[in-house]
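As written in Swiss-Prot, here are the features:
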ACT_SITE  Asp1002  active site, proton acceptor
DOMAIN    34-420  domain 'FERM'
DOMAIN    439-542  domain 'SH2'
DOMAIN    582-854  domain 'Protein kinase 1'
DOMAIN    874-1152  domain 'Protein kinase 2'
MOD_RES   Met1  N-acetylmethionine
MOD_RES   Tyr3  phosphotyrosine
MOD_RES   Ser228  phosphoserine
MOD_RES   Tyr1033  phosphotyrosine
MOD_RES   Tyr1034  phosphotyrosine
Amino acid sequence: MQYLNIKEDCNAMAFCAKMRSFKKTEVKQVVPEPGVEVTFYLLDREPLRLGSGEYTAEELCIRAAQECSISPLCHNLFALYDESTKLWYAPNRIITVDDKTSLRLHYRMRFYFTNWHGTNDNEQSVWRHSPKKQKNGYEKKRVPEATPLLDASSLEYLFAQGQYDLIKCLAPIRDPKTEQDGHDIENECLGMAVLAISHYAMMKKMQLPELPKDISYKRYIPETLNKSIRQRNLLTRMRINNVFKDFLKEFNNKTICDSSVHDLKVKYLATLETSTLTKHYGAEIFETSMLLISSENELSRCHSNDSGNVLYEVMVTGNLGIQWRQKPNVVPVEKEKNKLKRKKLEYNKHKKDDERNKLREEWNNFSYFPEITHIVIKESVVSINKQDNKNMELKLSSREEALSFVSLVDGYFRLTADAHHYLCTDVAPPLIVHNIQNGCHGPICTEYAINKLRQEGSEEGMYVLRWSCTDFDNILMTVTCFEKSEVLGGQKQFKNFQIEVQKGRYSLHGSMDHFPSLRDLMNHLKKQILRTDNISFVLKRCCQPKPREISNLLVATKKAQEWQPVYSMSQLSFDRILKKDIIQGEHLGRGTRTHIYSGTLLDYKDEEGIAEEKKIKVILKVLDPSHRDISLAFFEAASMMRQVSHKHIVYLYGVCVRDVENIMVEEFVEGGPLDLFMHRKSDALTTPWKFKVAKQLASALSYLEDKDLVHGNVCTKNLLLAREGIDSDIGPFIKLSDPGIPVSVLTRQECIERIPWIAPECVEDSKNLSVAADKWSFGTTLWEICYNGEIPLKDKTLIEKERFYESRCRPVTPSCKELADLMTRCMNYDPNQRPFFRAIMRDINKLEEQNPDIVSEKQPTTEVDPTHFEKRFLKRIRDLGEGHFGKVELCRYDPEGDNTGEQVAVKSLKPESGGNHIADLKKEIEILRNLYHENIVKYKGICMEDGGNGIKLIMEFLPSGSLKEYLPKNKNKINLKQQLKYAIQICKGMDYLGSRQYVHRDLAARNVLVESEHQVKIGDFGLTKAIETDKEYYTVKDDRDSPVFWYAPECLIQCKFYIASDVWSFGVTLHELLTYCDSDFSPMALFLKMIGPTHGQMTVTRLVKTLKEGKRLPCPPNCPDEVYQLMRKCWEFQPSNRTTFQNLIEGFEALLK
């Protein structure tokens, strides 16, 4: 922008030299008064003066923002700056004010994005994300409807700050290359004065160029230029002044008439950015004598200087991120005549120097902010870690400068990548920490809050907490609720409630109740019924911030949009490998529904017309042909692996379909599974070694989280060791293998087997798989790493594992408190409360600095036993049943004492029962604790009493009772189809029991319990016995209370019980089921009609005789003949001739088709 052509006696080069020297020296400071004051660039604002006490820098920034009417949305662009030390204060910096304190700080916009105004057509525009634009991505054209980066107050403040910087020579005026270039820079500065004065005149409604004498252009140009002009002769000064006035008038006539005050502010600030006046405006440049750029375990000491001289520069900008270069030499500018002479004499030398310096002036990109995972500060050394495991390490002049540098990068990260995360605990903003702990968002707008509720299901009572966009003292709670209308029925609405924050106390607007924390307030509100207008509701689930969530808190720059490509999982994507190109090797083991083989992949390369066969060692994961029904899920896992590329994730070559086999072909990793290695080398493992493994795994999972991909099967046996690293400084190198069969297709039993690696929510619903599940698995895997690959809960049965989750237990954590806390946070039963993987990586690095001893940790000998019930917490409700020797009660197990505990069925012996009965109950307990099937009643635990002499059996309570009670009451809504479904479920439970070599001996409708209208479970295992492995039957030593009318002939005659004997009993139970347990058609009533009146042992004798004669229970009313024929197959006299439970299942399923 060249407005004037002033050459006469204008020593432009002197001015430029002064500008450079001025920037190197301290800005002339006014000695601050005692105390602390925060000054503003707005002339009508008095400094903020602080009384005695402690303040955080963030707290002072909020107070300053309120003074200057800066909105909460723009507040995070500002920070506190100390001109005397040239350092910025991190948000968590504690400022102590006492009698001896004397400090002046400047409230400044620190975080700057060039072309935020969009007037530079050569550069991409910058704006805030808005709900309208979030689906469209980044567009090259300007988007007028997008949300501007700055509000009016922020723009006004930035304009005042820009003027201050130019006048005080704080703006980075570019270095001139020639004498003429120096004149051009002077002209640009004078042009800025034209804009500033025009703005002032328009604000004051003055006419240009008639201005008061005290309004001189000298007040609006750099002080060094003003000083330079004053040293020039009078004629030159007058000429400058006259030409300036003429131009001001011309500018007013041609430009001002079409401009507003806003336009002039934008024009002024946009000109400050231009390369004709400044260089790197809005950037911060840090000088260092040590700069290391390295990849993981491969150090590249590319930049270091033992002498301590400053050689390198690191620049941080909002638009381009972190860049570095070797500091270029300052080339003095010579006058044109001298330069021409020197060019002739030393042309070649200059040419080489210029080329070398040009290379030095070019900046090298290191990282844009979303790529950064965490930052570590050690004294004055800063280590920046990227997602691709590259690292930048630089040494700054002091720890204070290191904190200033890190707080800059951290702030830009929140503006461009994740508004609710911090990269380094040393600079963590207290408000961000508070928000994370309370599940509260920053000042997102209402549209984003409602969008979030809709995305998460919009259930009634679901809510979002967010700070107000306009008021620093208010938090808004946006809630999903339903308005009840007689005409429209339930109509979904979103209501906002205001939470007031005053002096650290929180209260709902309109309420007199105040609470010391937001968490306390929300816990209180969740217990209340909230009302507004004609709507009432109860708060349920809080929708917490998620990693990398798009909102109006984030700034959309071209770099941020380009950083992460969008992956679509809507279509399967992987490389197809021909079966002729793989050679199968030895069998290595089994996975879940898969077989693992070593193998060779033949890769054909055609180089320069010569075909070359390359053999690659691979692993072949073959889906069992009997499970071809889950081929699609198998391919989905392969597709997920093909979409990722990370050094700590196993590489998938592709998929091969070979006849009926589906095969995943993946990278062979030499060291094999980590758990086996840790078992073998447990004595050689060190704390640093374990931390490296944990960090590498967290890095891989953070990468997946950024892409919103879920692994679903994280554990040490799925971590493969590419390098042992025990005897070297480089350390281990691990790779995360593929997840195998997705959790979504696992049976419930397979899910239970994966406890405690599988997340609790996935056990309840295997399709409820999210990134949060990997965080739980990481916590368990961290436990394994700590304890050298030991298996948690390895001695627990399936039923005990299930109870472990039902009781919300976790494995016993290590003695290191911080490590235990990290595991606990990962293994939170609320998926929304688990930390982001970026936060996990940050915390692991912080923890590693403390160097805790996790080598000597031995596996805990005592784990929490969720199957142990304390007698004092069992509250009796009522009796459920009673026999000769025992009884069953309904109790509530209520350790919290608030009547919210679960209801359980408690089986115990009567006081008069003898020792044999106690032994029988203990056998029943031992059987139940080893059984796990969806159609067998769940064992929950035991309760010891009388010093261990007494025992109670705790089982799940099924309120609908047994089939004998349920069927007569619900006869109208249970048809034949449902009866057959019940029959199939009973057969499945009995088939499972037989597969474990148990005979039930008491199968009857009274012992089949109803969980729901669609599911039944087999119960009462009091007579159940185990068959010895070398026999096919169990011999009863006594026959007390034997259910003779359900017994097979061999049981009545020889007291021998086979699995086939249970098949006979099932036939009788099926008869009960089909007669709806009508007492007139009960087995006892029907058999007594056949054998006549009798009692005692004669009943058994006559019953046996009747059965030998071939008489059986008649066909139930309305029972199809096909069903009765299946029933009759259960009643073959010889056990070996009877049908099996598996055949019965197939028969019933065929009838249902």
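Here the Cβ of each residue, glycine as well, is placed from N, Cα and C on the backbone.
Secondary structure of the domain 'SH2' (439-542) per DSSP (helix as H, G, I; strand as E, B; remaining residues coil): 18 helix, 45 strand, 41 coil. Taking all protein chains in view, 21 other C-beta atoms sit within 10 angstroms of the C-beta of Asp1002 (active site, proton acceptor). The secondary structure of Asp1002 (active site, proton acceptor), as reduced to three states from DSSP, is coil rather than helix or strand. With respect to their backbone Cα atoms, the residue listed as 'active site, proton acceptor' and Ser228 (phosphoserine) stand 109 Å from each other. Predicted-model confidence for the domain 'SH2' (439-542) is 90, expressed as mean pLDDT. Around the Cβ of Ser228 (phosphoserine), 22 further Cβ atoms fall within 10 Å across all displayed protein chains. Under the three-state DSSP scheme, Ser228 (phosphoserine) falls in the helix class.
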